[in-house]
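Asks: Got these off TrEMBL a minute ago, pasting:
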- 13-36: transmembrane segment (TRANSMEM)
- 73-94: transmembrane segment (TRANSMEM)
- 112-285: domain '3-oxo-5-alpha-steroid 4-dehydrogenase C-terminal' (DOMAIN)
- 115-135: transmembrane segment (TRANSMEM)
- 155-175: transmembrane segment (TRANSMEM)
Amino acid sequence: MQSEFLYDTARKWFFLIPPIFGPLQFFIDAPFGRFAPSNDSIFVLDGIKSWIIMELFSPISFITVLYRGPWAASLSAMSTPQVILTSLFIIHYLNRAIISPLRTPSRSKSHIAMPLFAIIFNIVNGALMGTYLASPTASAFLAGAFSRPSFWAGTILWAFGFMGNILHDEVLLNIRRKSKAKGKRNENKLGKEHYAIPHGYLYRYISYPNYFCEWLEWSGYALAAAPLPTFISLTETMRTVQPPWLFFWAEVWFMISRAYRGHQWYHKNFPEYPKERKAVVPFIF
């Protein structure tokens with residue numbers, strides 16, 4: 001079946017590409033956020049608008065494939081665990097794509113390359129996740145979900161990660177709100193008007209607790225939604241790894257290098273930055 005072949009091919013490349021391209025960001029700054037281009041050009045986009053557009057592609061792709069894909073499901077035919085996991089995915093992106101960016105007073109501009117890459121990633125990831133949740137594999141695995149501790153542990157971990165992500169993002173939003181309220185718009189100061197040292201909660205230990213909490217969120221989701229892949233060989237891992245685990249895998253590879261570069265940036269631009277803080281994993285990295 002052609003659709004199954006495309007699904008399996010996409011899974012394979014989604015496994016292989018992140019460890020190839022993710023580490024490049026240890027050496028090259030992705031041109032958005034604190035590393036956004038300082039000059040104006042047709043290739044430099046508004047930070048908030050581009051963020052909303054690129055992130056909306058994931059839930060749109062997810063919902064489209066879930067109900068129109070090779071194993072298209074209807075809401076009435078889905079089991080309760082499938083409905084719960086579908087809801088968690090949509091809740092995450094409702095916050096990420098709409099609520100959070102609309103609440104932020106400002107966001108650094110982004111080079112067009114970043115939204116384009118994110119759109120491709122989100123389309124593929126959303127399609128893989130939607131296809132999986134409607135698949136016979138997911139239906140069979142989730143049939144006994146409520147009797148498995150891993151489902152409840154994963155769902156709780158997702159909730160803690162989701163709330164932690166919002167909590168630590170709020171710390172950053174408050175920095176921007178205070179900066180805007182005080183009228184600090186000196187463009188010569190670090191080239192940005194809304195950066196300062198964040199404090200509180202997991203910021204005591206790491207520079208990027210929002211990244212760490214997102215990893216908790218999606219590792220919990222994967223634990224609840226899919227069986228663990230087999231690690232006998234690379235071939236067997238690629239054959240058995242399911243999209244929820246692929247999403248977590250890709251996030252770690254792409255985000256850990258960005259966290260490391262951002263951690264270095266904080267130390268470079270703020271001499272008083274706490275030296276005991278790690279980049280993204282408390283006490284470790």
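Just so it is clear, glycine is given a Cβ too, placed from its N, Cα and C backbone atoms.
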Asks: Near the transmembrane segment (155-175), which same-chain residues lie under 8 Å Cβ to Cβ, leaving out any that are not at least 6 residues past its ends?
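Replies: Contacts with the transmembrane segment (155-175): 84, 88, 91-92, 95, 100, 103-105, 194-196, 198-203, 209-210, 212-221, 223-224.
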Asks: For the transmembrane segment (115-135), what are the same-chain contacts with Cβ under 8 Å, counting residues 6+ beyond its ends?
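Replies: Beyond its ends, the transmembrane segment (115-135) has Cβ neighbours at 7, 10-11, 14, 45, 50-51, 53-55, 57-67, 69-73, 78, 82, 85-86, 89, 225-226, 242-244, 246-247, 250.
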Asks: Which sequence-distant residues neighbour the transmembrane segment (73-94)? Criterion: at least 6 residues beyond either end, Cβ under 8 Å.
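Replies: Same-chain residues near the transmembrane segment (73-94) but 6 or more away: 55-56, 58-59, 62-63, 66-67, 129, 133-134, 138-139, 142-143, 145-146, 151, 155, 158, 162, 217, 221, 224-225.
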Asks: What same-chain residues lie close to the transmembrane segment (13-36): Cβ under 8 Å, and 6 or more beyond its ends?
Replies: 44, 47, 108-111, 113-114, 124-125, 128, 192, 195, 237-238, 241, 243, 246, 249-250, 252-254, 256-258, 260-262, 265
Asks: Over the domain '3-oxo-5-alpha-steroid 4-dehydrogenase C-terminal' (112-285), what does the predicted model average in pLDDT?
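Replies: Here the mean pLDDT over the domain '3-oxo-5-alpha-steroid 4-dehydrogenase C-terminal' (112-285) amounts to 90.
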